[in-house]
Each structure stands twice: as C-alpha cells, then as structure tokens.
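Visitor: The structure under discussion is supplied below as structure tokens; questions concerning it will follow.
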Amino acid sequence: MNDADIHKELFQHTKELADHYLLNTYARYDVAFRYGVNELLFDFDNKQYIDFHCGVAVTNLGHADPDIIEVVRSQADKLFHTSNLFYSEEASKLAELLILNSFPGKVFLTNSGTEAIEGAFKLARKYAYSKSIVDPIILSLEKSFHGRSVSGMSLTGQDKIRKGYGELLKGIEFIEPNNDEALVAAFERYQGRIVALIEEPILGESGIIPLSRNFLTLSRELTEENEALLIFDEIQTGMGRTGTLFAFETMGFSPDAMTLAKGLGSGFPIGALIVGEKYQDLFTQGSHGSTFGGNHLAAAVAYETIRIIQTREILNNVNICSDIAFTRLREMQEKYPVISEVRGKGLHIGLELKVPSKPIAEACLSAGLVVNATADNVVRIMPPLTISTDFLNQGLDILESVLKQN
C-alpha cells in the first residue's frame, strides 16, 4: 500500500468514527486537517490549503505560533487547573491586561463565547432585579447571533437558530439593525422596562453586516438616557479582527459590558465578560461561577495572545492586508456580476453573492482555499491576522478563479 492509499484509509477511518460516535450537529466538509503553519493547513494527503477561515475567527495568530506553543508547554509543566476558589496569577494578570486595554471595570472568565453571553444575560437580569423592574425587556437585533445556549438562542435574531426548541426565554424584543427609527420607537414603546441592548458591532453569522456609526452612537445615547446597559458582543470582532484590538475603540465611546472569546485564546478555549465600573458590583460572591473558566493554562495562553498582538505589529498587518483584500474584492465585483456586495472591516469581510455560497466554498476548498459559507449567499473571509501579503493574494487568486466560473 502506497502513502496515498494509507492517507486515504486514515481519512476514511476518521470519517467513519465521526459519523458513528459524534452527534450529527454539523454539516462537515469532506476533509480533515492534520497540522497547520501560520496561514496554511495540511490534510491527510499533505495537500496545502490557505486558511481564510481561522476556525471561525479563532486562530487569529495563525497555526502553531511558536510563542503560543512555548506558553502552552511552559504552563502545562507547572499547573493546568486548581479552581476559582483560589487566587491565580495567570487569571489575575489576564484580567488586568483586558481592563487596561478596554474600559475600567472587572472581568469574569469563561470557557466559551456562549458562556460569556450567559454572563451578560444574567448581568442584565441582575440589573433589572436591582431596580425592581418586574417585566424587564432586553433589546437585541434581527439577524444577530449570540450563541447556542437557551439564553444565547433567546437573544439571537434568527429563526433557523431558534426553531425546534419550543418557547424560549421571554422579555427579549428584536429590532432591525441600522434602523434608527425602530430603535427610538422601541425605547419609547418599552419606556421604563428596557434594561439592556445587546449588539454585535458587525453581525457575523448573518453575513458580515456592519452597524452604522449613527446607529451605534444612537444606541449609546438611548441606553444612557434610559439607564440601560449597552452590551457589545465582540466575540467575533474582538482581538484585532477589525484592525483594532476591539471594534468599539473607533466609536468614541465604550459599552457597559462586552463579551469576548474566539481569538482570545488562539484556539485554546477561553472567553470573557468585561463589566464596566457602574455595573461591576451587581455580581456578588456566589451569584455566578464557572469550574473551568480562566484556569491557569487558558489564562496564560490568552495573556500571551494579547501580548503578541500588541508587540508584533499585528494590527498594522491587518490594515495593510485589509486594504489589499478590499481593493481586489471590489475589482472582482466590477468584473463578475455574481458578486452583489463587498462589506466588512479589517480582516472581517463578507462577500455577498447572487448565488448560494456553499458550492463556492466547496469549490474553493477543492482548489486549496478555506473560506466560510454563511447566511445562504455570503462568503465569509477571515484569514489569520498574521497572513503574509503573498498568501493573501494567492488565496484571492483562488477565490477569483472560482468566481469566474459562476
């Protein structure tokens, strides 16, 4: 048996195990990756792929970053986990770094974005209770995505995510994104009952839909006027994805709370809820918790991730590569009628098509490019923040060759 046959057999065995033992909750592509190096992935046959996906905006520093590997090894030699019933040098240092680079307040560390959203939801409920609001309302946006837990689904403005589970949590109302009049009307309709407004600065799962500056500014003004929390879900936009460490930095104001995950741990599971000073005392001892959240290993990796972003000119590379990507994609839009819109910010890019995006993503994969198909007709482009301009252009060449045929 030659190497190709061995690799094919290994991959087939992997598929059979997955199909037999894993719940059928994912529509997987017909490939398994064995290793990666920065912006490149390699499958069982050692075929090379340029990664424009980053595990859904997770591996922002690429694959197998040497400094991340060293921190994992070093911390694993010392301590994985004790619990949050004891002080942790790694968690304390990470919390300090997050606050110094966001806004004054305190941090709750989690294992995932969904758990960070759960914390934000409980924060809003705690706030309602503290104000004796009997029938509180949390505003969210249509087309939003906030996770797969019951609270996350309840906050998510997409029927396809919510369906099949019966009645979800009450007290959540949805408004159209970037509709200033609808936002004002909601605050008027539920005056005295709104305790929070939660927003993704760029709606990711619905196809990279940026919220306008006017809408975001109005959101801040209305929440302040009505003494409601403004919660930003930066799980996907955070950690340098849009060209700044956090997307809110370019807005001229801060939210009252912010959720993080994905790129925070460079692929190691960790999330965070940052709560501003005004609301940080709503959580008291015993009112919230996590067994694994922010354990020694996860916190050490997250700290190193932020340090790397701040010391390696990563954000400068994001802005350079973003200019290249948007220029080329808009040139493609002029040439190929199949493209209806190019949108996004930094290396968080959506390519809206006039045809379904799944076949496009599959064709790209066959040609050696990993992209994400979302919202039925959007190709989501999220390469590592460390990608070289050479591989960026090679990936865009592959994408263009696929679009030419459609």
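Using N, Cα and C of the backbone, Cβ positions are placed for all residues, glycine too.
The following feature annotations were taken from Swiss-Prot:
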type	residues	note
BINDING	Gly113, Thr114, Phe145, Asp233, Glu234, Ile235, Gln236, Thr291	pyridoxal 5'-phosphate binding site
BINDING	Arg148, Ser290	N(2)-acetyl-L-ornithine binding site
MOD_RES	Lys262	N6-(pyridoxal phosphate)lysine
Visitor: Using a 10 angstroms cut-off on Cβ to Cβ distances, just flag whichever of Gln236, Thr291 is the loneliest among these binding-site residues.
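Guide: It is Thr291 that, of the binding-site residues Gln236, Thr291, has the fewest other Cβ atoms within 10 Å.
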Visitor: Taking the Cβ of each of the binding-site residues and counting other Cβ atoms inside 10 Å, which one has the highest number: Thr114, Ser290?
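Guide: Of Thr114, Ser290, the one with the most crowded Cβ is Thr114.
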Visitor: Among the recorded positions Phe145, Asp233, Lys262, which residue has the fewest other Cβ atoms within 10 Å of its own Cβ?
Guide: Phe145
Visitor: Between Gly113 (pyridoxal 5'-phosphate binding site) and Arg148 (N(2)-acetyl-L-ornithine binding site), what is the CA-CA distance rounded to a whole number of Å?
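Guide: That comes out at 10 Å between the alpha carbons.
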Visitor: If we check Cα distances from Ser290 (N(2)-acetyl-L-ornithine binding site), which of the recorded positions Thr114, Phe145, Asp233, Lys262 wins as closest?
Guide: Thr114
Visitor: Between the Cα atoms of Asp233 (pyridoxal 5'-phosphate binding site) and Lys262 (N6-(pyridoxal phosphate)lysine), find the distance and write it as a whole number of Å.
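Guide: Rounded to a whole number, the Cα-Cα distance is 11 Å.
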Visitor: Which has the fewest other CB atoms in a 10 Å radius around its CB: Gly113, Arg148, Glu234, Ile235, the listed binding-site residues?
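Guide: The binding-site residues Gly113, Arg148, Glu234, Ile235 were compared, and Arg148 has the fewest Cβ atoms within 10 Å.
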Visitor: Where Ile235 (pyridoxal 5'-phosphate binding site) and Arg148 (N(2)-acetyl-L-ornithine binding site) are concerned, what is their Cα separation in Å, rounded?
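Guide: Computed Cα spacing between Ile235 (pyridoxal 5'-phosphate binding site) and Arg148 (N(2)-acetyl-L-ornithine binding site) is 13 Å.
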